[in-house]
């Protein structure tokens, strides 16, 4: 069952983009500048995430969102992402747009992120300007703000898979590793920059007075950073379109060689590899004709076949998904409630006290310090990402994976057992280790699994040629990032109940326990490729 995921919807296509490191011509080595440009999408995405983390709760409170709808806001977008992400990942594997396979999806999701931010940061102001009736104004403000938060979260969570697949498509194996490290580096830098800008008191600055409120100021900076970063990203490395050779070639043309516009072109899927700058479509057409109706039916990209592929994924993919799910559940459990933990447990404040009371002011102070802890996490995530490449040569991917989970588990455990301001802020550096690990190591393993599969198929096929059963990297990345949405659903639906019953301290202990369990799992069950 090892090839089920990649055998859905495969067409006979060709692409000059280097998707498979074992094709006759491997992708050229990419300059560092290209990989940095490609990583700018992660900077823009994480910058906007940090702005959301800092401002979405005040925005929701300011429009009067009922507490009964909070769970709906936080659970709807990950639920949609979990259901739809594999479908879009599979569709991008076989997208034949002229601009490439991944970039049309990245552009669309980037525009959705921008639209979501515009709605939840500006919706209240727009509604106030258009509607005078207080009751209707409140209903419309809540509706638009909720839609904005859900759309932004959905697109921001969704976009990680196509970005990773885009990197894998156009880079050699060595450049994939370098690119993932740059992704993690700029992810941390973008988060730190977003948290720092969110800590500035814009109301007393000229730009704040000019734009109106701090929400409009942050939308201005978020839209500017996101737009610039995604323009740079989409222009970083050329991505070639796929073409269906059976549609482009008539039977009369079949015996002739089909010229290719580049000496580095090859085929994606199940067609004869290019040799000497040309391809013989006759072999392709003959292969298609010889296939049984059952094989041709299996190729149809349907929801049923997709679910079948997900259920029957190879064991090593399944174990990697489980470890990713456990890791993100532990990480999100801690991060989503960390500022509240600082305010209530570390500073002993009271979020439910009167707004002019000492206890409430102490809680607010704890939340502010907690934001600085999240900033420390982002900065250290970038620094650790920089040192990952030399570290992997000493301890390998298994060592990196195990170390990330173990350090995070121990750090959060100490924070829960000994809640102190200075030790907590110091241990926030270990959050950065976990963050960087989750953004790099699992996707490195996906690339290695894909490389290994393609090499096995090349050796097993007659004459050393592949038989077209390769696993689509877009779907593989999408399935892996689905685990993030599943973790969000579990954290949003389950830990909120625990916090209400036992307080924020239980969240940190839960995160520690999950991470320590995850460290054992990645050491014993995840398969690593030599």
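Each Cβ is built from the backbone N, Cα and C atoms, and glycine gets one as well.
Annotated range for transmembrane segment in TrEMBL, selecting from 217-237, 238-258, 259-279, 280-300: 217-237. Against the transmembrane segment (475-499), stretch 71-92 shows more Cβ pairs under 8 Å than any other of 71-92, 104-123, 217-237. Highest Cβ pair count under 8 Å relative to the transmembrane segment (180-197), across stretches 104-123, 139-159, 217-237, 399-418, 424-449: 424-449. Contact between the transmembrane segment (139-159) and the transmembrane segment (104-123) holds: at least three of their C-beta pairs are under 8 Å, each pair 6 or more apart in sequence. Between the transmembrane segment (424-449) and the listed ranges 217-237, 367-387, 399-418, the one holding the most Cβ pairs under 8 Å is 367-387.
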